[in-house]
Amino acid sequence: MKYRTVVMYMEIGCFVSCLCGWILVCSTLPTEYWTFSEVGSVVLTTSNYYSNLWRDCISDTTGVSDCKDYPSMLALPAFLHACRALAVCSVITGFFGGVLTLVGMKCTKIGGSEVANARVTFAAGITYLVSGFCGMITYSWWANKLVTEFLDPTFRAQKFEIGAAVFVGWGGSTLLISGATVMTYFSGKEGLPSRSPKRPQRPATYATARTRQTYMLPNPSSRGNVGPPLYYEGRKSRGTRAPTKTSATFNRDSFV
């Protein structure tokens, strides 16, 4: 199986994982069971209180339930505003992540070249990661607040437990993060330029003034020194030249 085919199937699997996670995260927003509390020890007088980011609800044993939105937005605590913003950001970034994935996947053939598609898929993976982390922070922060208040002995107000929507959100955020991580790894490996090793530099050269021939400099680690030649081809060195003939000398007695 070719590498491109393997990457294509990995992209499809990661996209399905991220899509399922995004759907789970979206399903928790309209669900009221983020917190849950039961009041009353007698079955006939038991009341159930549950709430989410937008409203409070109550139901009794007769099956009658009533929900009421929060009366004032400015009167809400900063914690609730932050959880709302993170949850909405998780949904929005997950939507754009799905659009980018459909454009950049190898099986759709919508984008341009292979490198361009890989870069679009890498951007989709980063967007899915942002969506997953926003959702994970939202549900973890909400659960931490509930557990802290429940275990605090000095907290006198009504105590709530973690609802089913928080667990569903944790599962969806985990699918988003895991699928986006694998998608980002494979697409970034193909789309982002990698640092190539440096090419070996050509050693420095020099040319002698007499021969105009080019000689390479020696390796610095070697001990020997290489220099220009002491003699030149076609000529004889001074040490090998034949001795010149000296002129004969005569004195005056030789003529006598």
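Residue positions begin at 1 at the first shown residue.
Keep in mind that glycine also has a Cβ here, set from the backbone N, Cα and C atoms.
Under the heading transmembrane segment, TrEMBL lists 7-25 (among others).
Annotation comment: TrEMBL describes 78-104 (among others) as transmembrane segment.
According to TrEMBL, the transmembrane segment annotation covers 116-142 (among others). Long-range contacts of the transmembrane segment (116-142) within the same chain: residues 11, 14, 18, 21-22, 25, 28, 34, 79, 82-83, 86-87, 89-91, 93-94, 96-101, 103-106, 166, 169-170, 172-177, 179-181, 183-184, 187-188, 190-192, each at least 6 residues beyond the stretch ends and with a Cβ under 8 Å from a Cβ of the stretch.
Under 8 Å from some Cβ of the transmembrane segment (162-186) lie the Cβ atoms of residues 7, 10-11, 13-18, 20-25, 27-28, 31-36, 50, 52, 90, 94, 97, 101, 121-122, 124-129, 131-133, 135-136, 138-140, 142-143, 146-147, all in the same chain and six or more residues away from its ends. According to TrEMBL, the feature transmembrane segment maps to 162-186 (among others).
Feature annotation from TrEMBL assigns region 'Disordered' to 189-256.
Taken from TrEMBL, the feature compositional bias 'Low complexity' covers 202-215.
Per TrEMBL, compositional bias 'Polar residues' is recorded for 243-256.
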